[in-house]
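Taken straight from TrEMBL:
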DOMAIN    40-155  domain 'TRNA-binding'
DOMAIN    407-484  domain 'B5'
BINDING   Asp462, Asp468, Glu471, Glu472  Mg(2+) binding site
DOMAIN    714-807  domain 'FDX-ACB'
Amino acid sequence: MKISYQWLREYVEIDDLTPEQVGALLTDAGVPVEEFTPLNLGVTGVVVGHVLETRPHENADKLRVCTIDAGTGEHLQIVCGAPNVAPGQKVPVAVIGSELPGDFKIKRAKLRGVESQGMLCSAKEIGMDIKLLPKEQTEGLYILPSDAPIGTAITEYLYMNDTVLELELTPNRSDLLNYRGVAYEVAALLGREVKLNETFKPHGNGASPVTVKIESENCTKYSAQVIQGVTIGESPLWLQAKLLSVGVRPINNVVDATNFVMFEMGQPLHAFDLNKVAESTIIVRQAYDGETLVTLDGNERNLDHGMLVIADPAKAIGLAGVMGGENSEVDAATTTIVLESAYFDPATTRKTGKALGLNSEAQKRFEKGMIDQGMITGALLRAAELIVELAGGEIAGLPVEVVKKAAEPHVLPLRADRVNKLLGTQIEEGEMVAILRRLGFEVSGFKVDGAHHVTAPTRRPDMLREADLIEEIARVYGYDKIPVTLPESPLVQGQLSPVQKLRRSARELLIHMGLTEVVTYSLIHIGNFEKLGLATAGYEKQLKLMHPLSEERNSLRTHMLPSLVEVVQYNRNRRENDLAIFEIGKVFTPHEIEIELPHEHLRVAGLVTGNFSPVGIGEKARPVDFFTVKGIVENMLTGLGITGVSYERTELPAMHPGRTARIFQGEMTLGFIGGLHPEAEEAAELAPTYYFELDVERLLAAKHGATTVTASLPKFPSMERDIAVLVDVDVPAGALLDTIYANGGELLVSARIFDFYQGAQVPEGKKSIAYALVYRSQERTLTDEEVTAEHEKVLQALKETHHAELRA
């Protein structure tokens with residue numbers, strides 16, 4: 001952000017400070033000033049001159065001899081080669097003794113035998129940035145306005161005695177992309193007042209000639225003001241100079257006024273020619289797929305439904321927050337304008353600009369999301385006043401203000417003892433309150449539960465929690481005043497925490513079973529949720545970053561699945577189709593209080609697709625299925641010492657409704673396991689894929705709650721019997737297992753599933769499950785009759801409880 005020292009002086013008293021001192025002040029407060037650029041590049045002695053007459057040079061066809069009044073009391077004879085020199089012009093004149101950029105000194109000289117008492121200058125020769133000037137002002141002499149006072153120093157007349165400070169702003173300090181924000185910053189640091197009017201009243205009366213409709217959720221507020229009878233022309237020199245100082249090309253008095261207010265107040269504005277707006281109706285809507293718009297740069301843009309446009313009932317007339325359309329441009333023939341001031345969704349604005357290769361000053365501010373929503377209409381009224389002052393006309397009707405969603409002010413607690421504890425200071429409470437009030441915060445004069453209530457100004461939407469207020473206090477108080485102290489920490493013998501131990505054990509167990517560990521970003525794109533069908537579960541709604549470094553990583557993940565799917569997709573694109581991966585990482589869930597940081601949870605998650613090759617001699621790769629992954633999970637839990645685990649069928653977003661189960665120990669949910677939903681597999685272009693996710697904190701609790709039972713080796717042999725039954729498909733295998741254990745008596749030692757089938761060889765709506773039951777006595781060798789008797793009880797219980805049919 002470029003800040004003109006002279007322009008800033010209009011809003012805060014800094015006459016006693018040099019630009020460098022102001023820069024040092026800001027840098028010490030955490031707003032680095034990257035560069036100081038003087039607008040005067042070494043020009044001295046150059047004045048405004050009047051060309052009285054010109055005549056041809058007797059010895060050179062391309063030179064002319066000019067008589068100049070430079071306010072010195074006598075007329076000067078200056079030889080000039082500029083093709084555009086003509087009598088009656090006001091031009092920059094470098095008299096003898098003047099200096100130009102590059103240490104170029106003007107001396108008395110003869111050109112082709114004719115004496116020249118100075119030099120008539122172009123814009124480039126006096127150090128102006130010609131990239132920001134219209135072409136006609138860069139070819140030949142720089143022609144000044146006809147009312148330029150003769151003899152006035154050109155550096156004074158063109159406001160060149162100035163220095164521009166280049167601020168290096170971090171993403172969260174976009175409130176400083178305007179003079180208002182910087183003025184509050186400097187005033188607070190100096191303990192002075194801001195000299196800026198922030199209260200504006202409408203000047204029109206009655207209904208507005210324009211109608212506004214908002215048809216998209218990507219615009220929460222839109223204000224419009226009509227001005228009739230304007231005369232489009234050049235802006236006054238003071239306004240042009242201000243815009244040039246911040247690197248903006250002057251266009252005309254209306255457009256320049258909107259740009260001026262944007263830099264002053266931070267609110268982007270746009271002016272439409274109302275006579276080019278069909279039915280005097282403005283509609284904020286999403287673009288139609290295939291719709292086109294020729295923007296102000298003369299390029300035709302192909303739009304899609306993800307882009308937000310300003311339209312009338314017949315056509316699009318602008319890209320919301322990015323650039324206006326040529327079909328509604330303010331030009332020399334414009335007499336009635338409608339001013340726009342609004343809040344557009346930052347992500348939509350960013351995506352539109354990126355997709356179309358556009359990057360305007362307005363877009364830069366909208367995409368940061370730091371628009372002062374409390375000043376949208378105020379900035380509109382400020383611009384309307386300025387336009388009437390510069391272009392004439394009158395304000396027609398009251399402003400139109402359509403609000404879809406009002407911005408709520410952020411009210412935060414402030415505890416003085418908390419401030420001093422975090423900063424290691426002893427700042428008086430009164431000084432803390434004074435600092436915040438100088439920054440524009442409202443601080444209550446009373447306390448609730450030991451805390452002041454602080455209302456952040458609407459220009460500071462980045463103020464979300466008490467820690468943000470403490471940072472503001474620290475910056476203004478002065479980081480250099482905070483004492484350096486060493487943290488106090490008792491010396492203890494280093495060891496792994498229980499969570500670290502469990503994490504290490506789980507990693508070793510999964511690697512031993514043939515899985516590969518991956519490490520992914522905890523920042524992902526919301527589109528990854530939507531593609532897998534997780535958006536309907538509301539996972540992504542409250543975890544978008546306010547200031548993402550890139551659009552591809554704009555959200556905290558609330559689920560490990562999208563991250564692992566991204567790894568699988570990356571490998572499949574490189575023809576690696578058989579994958580078994582896991583990650584132990586964090587997921588985030590929204591805090592119950594919106595302004596608080598989200599909760600963090602450590603999870604162990606795995607994803608297997610294609611063929612799986614278990615680690616073991618002679619074991620062949622086989623297509624992955626539910627039981628493959630269930631076996632991985634059970635082996636890991638057993639290795640961690642977690643017992644008493646059960647499974648219960650469930651339905652979860654992105655998971656297959658018939659192949660997903662929650663994992664329990666008693667009443668505590670440890671996690672879940674299952675196959676991906678066919679729609680999710682298709683969207684991500686995956687083969688059949690299975691996934692598990694477990695909560696590490698709950699695994700630790702389950703491990704601590706588990707009872708370890710030891711027993712001597714059996715003295716007597718066991719007997720094994722198999723049961724294969726047909727049951728309805730909705731009967732859980734775990735329920736059958738519970739019935740087996742409940743009716744197997746004391747002789748039943750264990751039971752396990754060894755076969756499962758559902759297909760053409762069993763009736764529709766049925767499935768076949770086979771169990772292996774082991775019987776043993778600790779006191780004697782069992783007879784066949786004893787085992788048969790107990791086994792029959794199990795069979796009968798399965799028939800009565802689950803209507804099971806015994807298969808031969």
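Glycine too: its Cβ is placed from the backbone N, Cα and C atoms.
Structure coloured by features recorded in TrEMBL.
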residue	record	Cβ contacts under 8 Å, 6 or more apart
Asp462	Mg(2+) binding site	Asn172, Arg173, Asp175, Met370, Asp468, Met546
Glu471	Mg(2+) binding site	none
Glu472	Mg(2+) binding site	Ile435, Leu436, Leu439, Phe441, Met463
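Using the Cβ center of Asp462, Asp468, Glu471, Glu472 for Mg(2+), the list of other same-chain residues with Cβ within 8 Å runs, in sequence order, Arg460, Met463, Ala467, Leu469, Ile470.
Within the model, the domain 'TRNA-binding' (40-155) carries an average pLDDT of 92. Asp468 (Mg(2+) binding site) has a Cβ environment of 18 other Cβ atoms inside 10 Å. Asp462 (Mg(2+) binding site) carries neither a helix nor a strand DSSP state and counts as coil. Residues in the domain 'B5' (407-484) partition by DSSP class (helix H, G, I; strand E, B; coil) as 33 helix, 16 strand, 29 coil.
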